[in-house]
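Note sheet for the following structure.
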Ligand code: ADE
Ligand code: ZN
């Protein structure tokens, strides 16, 4: 029987805020700025791209229409309200200081704009949020280190993590080891994209050079049995994004996605939407489509949310509050 997604409190650890921009909002701001987005938003109002490279280009152009702290505030408020409407109680979003800088915004004003939007959504809906600043791998190690230094030099209570995104096929992982060491020593939570377009070697390199306990995607670890055992033994948390992987052609259909194999082998799994309107998904859809495909019960879904809360880059008081919310929803559902 299909599982309704509305009653399970949801938690998201992996979504790029620029990648969560509704095409209608991007189009409106593009008109204001005189930016032509007809190459990335079709007449049907959906994003246009064909592979990972053209997706990254479309993402860059869509990001370029956000010019002011208020624009970013509106983006964050819009996304967090959408999440809350699907029953999400906590979300971490990746923020990209490089994209803000390209649009002419300082790190500080970018973060303050986003934080104001997250706060407004919280006041109305109760959803809790944090931000993870990311470096873009294909921009190179110097650019990634600049991001870490900005985050450390201008601390903000809602920026609780540092991560690495972008094209995993570029740049040896050792190039980024120093950036991760700085982030780790500063007490930031750390995560890195690996095992999306790279195979098991890329996941092993992230563990070795970045010392991460959370990995963005990580799913291609399934190609090496010993690595799957290691992920389970070391309790590494995977921020899986199954809809994104299917949309980008990493797997042909959801049925062939390794999430259920990894879960059954004892790997700690979370569910995430990555860049939802680009991939025709939402966090709620990820919970429901994966649960329907692999016959996950509501208790299985609650366990996914619990893992995400355990791995969240938040303070312990917030974590406890989220656990209480999850527990009472479970009790009310008679589970
Ligand atoms: N930036 C935005 N979405 C991404 C993805 N799926 N992988 C790597 N970098 C990204
Ligand atoms: Zn991602």
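Each residue, glycine too, has its Cβ placed from N, Cα and C.
Going through 98, 274, 300, 315 against TrEMBL, the one listed in the Zn(2+) site together with 14, 16, 193 turns out to be 274. Proximity of the recorded positions 14, 16, 193, 217, 274, 275 to ligand 1, judged by a Cβ distance under 6 angstroms to any of its atoms, singles out 16, 193, 274, 275 in sequence order. It is 16, among the recorded positions 14, 16, 193, 217, whose Cβ has the fewest other Cβ atoms within 10 Å in the structure shown.
Residue 217 (site 'Important for catalytic activity') is 6 Å away from residue 193 (Zn(2+) binding site) when you measure Cα to Cα. Taking a C-beta cut-off of under 8 angstroms and a sequence separation of 6 or more, residue 196 (active site, proton donor) has the following same-chain neighbours: 168, 216, 217, 218, 219, 220, 245, 248, 250. When the neighbouring Cβ atoms lying within 10 Å are counted for each of the binding-site residues (274, 275), the highest count belongs to 274. Shown in sequence order, 15, 19, 94, 165, 216, 217, 239, 241, 244, 272, 275 are the same-chain residues outside 14, 16, 193, 274 whose Cβ sits within 8 Å of the Cβ centre of the Zn(2+) site.
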